[in-house]
Each structure stands twice: as structure tokens, then as C-alpha cells.
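Comments concern the structure below.
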Amino acid sequence: QEVKIFRALILGELERGQSQFQALCFVTRLQRNEIIPSESMAKLRQKNPRTVRQAEEVRGLEHLSMDVAVNFSKAAQLSPHIHNVCAEAREAIYTREEDVRFWLEKGLDGSLFEVLPPGSEGPELRRCRRCPDRWRPCLCSYSLSIEWYPCMLKYCKSRDAGGKVSSYKCGIRSCQKGYTFDYYVPQKQLCLWDEET
């Protein structure tokens, strides 16, 4: 489906009167060659599966402005996995306008998406870390890092009896990548981790 889903569960801070966890989902378009095909992963067995692995390649930080909300009740059109992965984040599923344009061209229903209030409308929307009032809307920022994921196939070379060289799939290359998501919240209370330290 060319859809990538990130789910974050943020534990409540008891000293701030938060007993529950908060769930967020960020949905973006999966680019070609961003991750290896699942068929290839199934064929390439991992030696020592219990080993804690280090990524071979560190890919740069990606900063994404998530300016559109996704309607949970219609999200199955976008990906059947959203219902399971984002069940706790029904009111907090975000995507980007540029990805929405791509999906609308593919024939998805526009009522699946709702454009969030932009920062340019009315008074400039402040970043939550600089907003003194907990009940004001603001622009929240959430960062996460994927420490290890299969990003490319490895190819090895072999030489046959006649000396002809050929290459074959012989493993998986692993990568690490960080993401920062900026998105609208109706009140700073929903973004208490994003504060100036």
C-alpha cells in the first residue's frame, strides 16, 4: 500500500496528574527502496536471532510537518493495519499534506483527511515548549529513533569454475534513522514532554 506507520506510546507523568498513557500515530508514504521487500526478508534467515544488533549505517534525521489529521473510522482505505496499530490513538493520527495529495491522486476519499489549523491562521501558532498556558493550542514536537531496521539487501560475489563473476543476495544491511514530527495540538496539556529544559 506504500504506507508507513509510526506508533508512539507515551507514559503519563503521575506528578502532573496524568495516570494514563498517550498514543500517537504518524502515517507517511513509504518510498521505494526505503525498506527491503518482506519476501526477501522471509528467505534470508538471520543467524543468532537473539543477538542485540548495531546498525551498520546511520541515516540522517528526518524532520516532518504533520499538518493533516486522519479519520480513524475511514483509515482502512489507506491501510488495513491502521485499525490495529493506531487503535489507542484514534484522535491523534497525523499525516502530511504532500502525502495526502499523492493518496488523493490514487483515488482515496478526501473525507479521510482533515487539514489541521495552520500556524499562519490568526495569531502565529507557538511551539508548545514556548507556550506558557497549558490550555492553549500549540505546535507540538515528538522525536523517535529506529535503532535497527533492514534497509537494503547485501550482495556477495562468487566466481564459477570458468572464472566468471556473478553476484547473489547474501544478507541484509541494517540502518538506524531518527525522526522528528511537528503537529498541532488543541492544548499544550497534550504535549507536556516538549518543554524547554
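Cβ from N, Cα, C; glycine included.
Listed features, source TrEMBL:
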type: DOMAIN; residues: 1-103; note: domain 'Out at first protein BRICHOS-like'
type: DOMAIN; residues: 127-195; note: domain 'Out at first C-terminal'
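Summed and averaged per residue, pLDDT over the domain 'Out at first C-terminal' (127-195) gives 88. Secondary structure of the domain 'Out at first C-terminal' (127-195), assigned with DSSP and counted as helix (H, G, I), strand (E, B) and coil, comes to 7 helix, 44 strand, 18 coil. In terms of DSSP secondary structure, the domain 'Out at first protein BRICHOS-like' (1-103) contains 29 helix, 32 strand, 42 coil.
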